[in-house]
Amino acid sequence: MTRQTCLPSPLRRLRTALTALAFVCGAGPIAATGHEATPPARPDLTGTPAGEARVIVKFRTTRQVSALSATATVGSTTVTEPRSAQALGQRVGLQLGDGPAVSADTQVIRATGLSNARLMQALAADPQVEYVVEDRRRRAHAAVVSDPLFAGGPGVSPAAGQWYLQAPNAAVVSSVNAESAWALTTGRADIVVAVLDSGVRFNHPDLDGKLLAGHDFVSEAITSNDGDGRDANPTDPGDWITESENATSPTFGGCGVQDSSWHGTQVAGLVGAATNNATGMAGMGRHVRVLPVRVLGKCGGYDADIVAGMRWAGGLHVDGVPDNPTPARVINMSLGETGSCIAGADPTRPGIARLYLDAISELRQKGVVVIASAGNDNGAVNMPANCAGIIAVGGLRHAGDKSGFSSLGSEVAIAAPAGNCVNATGECLYPILSTINTGRTGPECPGYTTGSSTQGLGTSFSAPLVSGTVALMLSAQPTLTPTQVQSLLQSTARAFPARPAGATAPACSTDTTVSQIECHCTTATCGAGMLDAGAAVRAAAGTSLVARLGDGSTRVAMNGSVTLDARGSSTGAGRTVTGYQWRITDGTTLAGFSGSTTGSTAVLNALGSGLAMVELTVTDSSGATSRSAAVLRTGPVPAAACGPDANDAMASDGGGAVNGGWLAGLAAVVALLAWSRRRAGSTGH
């Protein structure tokens with residue numbers, strides 16, 4: 001896409017299929033009334049290149065996969081890779097190739113010279129196969145802190161700054177009230193949010209110390225664009241598509257000419273940008289950390305890679321990949337595509353709903369909350385957001401009515417800001433500001449989205465605001481179940497603004513077959529209401545003891561110090577906080593305390609350069625305890641280098657895990673949900 005328009009003409013034809021992904025664009029076709037123009041229909045990108053079949057096979061027992069497997073070494077870990085194709089091919093009389101694993105009994109099978117339909121027909125007849133489904137692509141859906149972009153103001157683009165985090169008022173009705181939530185908890189570094197997206201740029205200074213190692217699940221080298229398939233490096237190399245690729249490539253033909261979107265970087269920044277570091281922006285989750293799981297590449301990603309990424313992110317085993325050492329409590333998917341998630345509802349893909357539903361069920365049993373953007377095609381809620389067990393997030397304008405592009409329907413659980421411009425020309429007034437890279441193809445310099453050339457709009461950006469809020473809820477009350485989390489989010493949501501008397505725009509309708517660019521939200525179409533992060537976190541905490549780790553800054557200059565403050569910790573009525581314990585759990589050579597470590601405040605000194613984790617434990621008069629933790633940068637901050645970095649070199653040679661402390665990025669307009677490519681909407685998921 002160009003920097004002058006929201007999307008290049010081919011991409012303008014794309015309806016927003018991915019619910020969690022947002023897009024970056026220049027001043028686009030925004031009506032003078034402040035509502036976005038109707039998203040045009042996009043080309044069908046659900047298939048695979050001509051002459052190549054790619055399907056997902058679910059065997060009736062795990063033995064069919066595990067008995068026919070091989071071992072491989074990834075780094076220092078021995079993993080099992082599926083090898084079912086040869087035996088299956090002998091039974092059905094076809095030459096088949098092994099693809100990546102999805103779960104212990106499910107893997108991708110490939111064939112050349114066949115259509116997907118022909119291969120599915122042949123494999124479905126095998127008695128050892130429970131079901132077979134086409135692997136399609138899915139796309140991405142486009143307290144007082146010291147961060148200068150938070151408040152906005154003269155000289156800042158957008159001038160509204162991070163309006164979407166601030167307390168709601170008559171000017172910004174849909175803002176999520178983050179400061180109220182931060183007054184109770186600043187999050188915990190041991191609460192992890194997995195961002196399933198296009199990967200991240202690790203060298204963004206506002207993601208320093210906020211990223212875990214993660215993994216790359218994009219299994220096709222051509223789609224991955226980093227020289228190989230699945231590996232331990234989720235760096236985003238860029239997802240640009242050239243005119244030649246769009247016109248002639250069997251893989252990318254019809255995807256649309258576009259610049260790199262850096263979509264995963266933007267989503268990650270909204271969840272977990274370093275906050276109170278006197279740099280850039282604030283992240284919704286404050287001290288929570290982000291686990292980047294790359295499932296989208298050029299023109300999106302496949303269902304098999306997405307589902308495998310979901311499972312791994314939540315701590316479930318995936319053959320061929322070392323188990324995740326830092327499982328997520330929250331999974332954010334700003335991506336999707338049209339389609340039903342009712343088992344058997346889609347006769348062309350009867351197993352695809354089960355593939356997602358089985359993974360969601362297993363994740364929920366482990367206490368993992370799964371959140372997805374509703375979509376950007378102004379129609380029915382996309383898949384997987386419409387799957388039972390997922391919290392689907394719709395998009396709102398600053399005024400509290402539906403974003404023109406946002407998908408809607410009964411599956412939407414809650415709504416949050418998605419960005420809008422108001423004016424038809426000039427600066428976009430209310431985009432979603434986040435981290436980005438400035439490269440149009442490969443990586444260049446870290447930066448931030450603005451109200452001019454790189455605007456962030458889409459339900460892709462609504463979802464991470466909810467994910468960050470859920471991470472704060474779990475920081476306050478780690479025992480919450482996914483069902484309890486959704487109930488609290490919905491019961492504390494603020495009511496949508498009433499439709500004004502004499503308004504020309506109607507109330508949103510449950511008929512998703514008609515265009516509803518301008519409509520006023522109802523609880524039947526946009527969820528229970530507008531996200532109120534402060535109310536949700538307070539409800540989650542209830543009367544429990546909550547440790548709040550306040551920091552004067554998350555950066556400590558070499559030989560300097562910072563005062564850490566636990567006086568904001570709280571407990572239920574009739575009880576008092578009686579004890580405090582501070583300790584350094586990682587980076588003990590980099591930082592040390594001077595003075596008491598058992599008081600309500602503690603002074604931390606920087607002794608070396610790096611990342612140190614500090615843990616706070618508080619006790620109340622009933623004997624209850626609560627913990628919090630934060631990662632602090634000690635010594636000088638690494639220079640924000642432009643262009644490719646060491647992580648890119650690791651990606652190109654199939655390198656190992658990233659142990660970095662940089663996260664940044666903007667959302668890519670190309671993330672796919674299934675092995676059927678799913679796209680993020682042009683107005684952003």
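The backbone N, Cα and C atoms fix where each Cβ goes, glycine too.
According to TrEMBL, the signal peptide annotation covers 1-22. TrEMBL lists 190-494 with the feature domain 'Peptidase S8/S53'. Residues annotated as active site, charge relay system in TrEMBL: ASP197, HIS263, SER460. For 222-253, the entry in TrEMBL reads region 'Disordered'.
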Integer Cα-Cα distance in angstrom, HIS263 (active site, charge relay system) to ASP197 (active site, charge relay system): 7
Any idea what the Cα distance is from SER460 (active site, charge relay system) over to ASP197 (active site, charge relay system), rounded to a whole Å? 10
Please state whether DSSP places ASP197 (active site, charge relay system) in a helix, a strand or coil. strand
For ASP197 (active site, charge relay system), the number of neighbouring Cβ atoms whose distance to its own Cβ is within 10 Å equals 39
So, three-state DSSP: helix, strand or coil for HIS263 (active site, charge relay system)? helix
I'd like to know which of the active-site residues HIS263, SER460 has the most other Cβ atoms within 10 Å of its Cβ. SER460
May I have the DSSP-based helix, strand and coil counts for the residues of the region 'Disordered' (222-253)? 9 helix, 3 strand, 20 coil
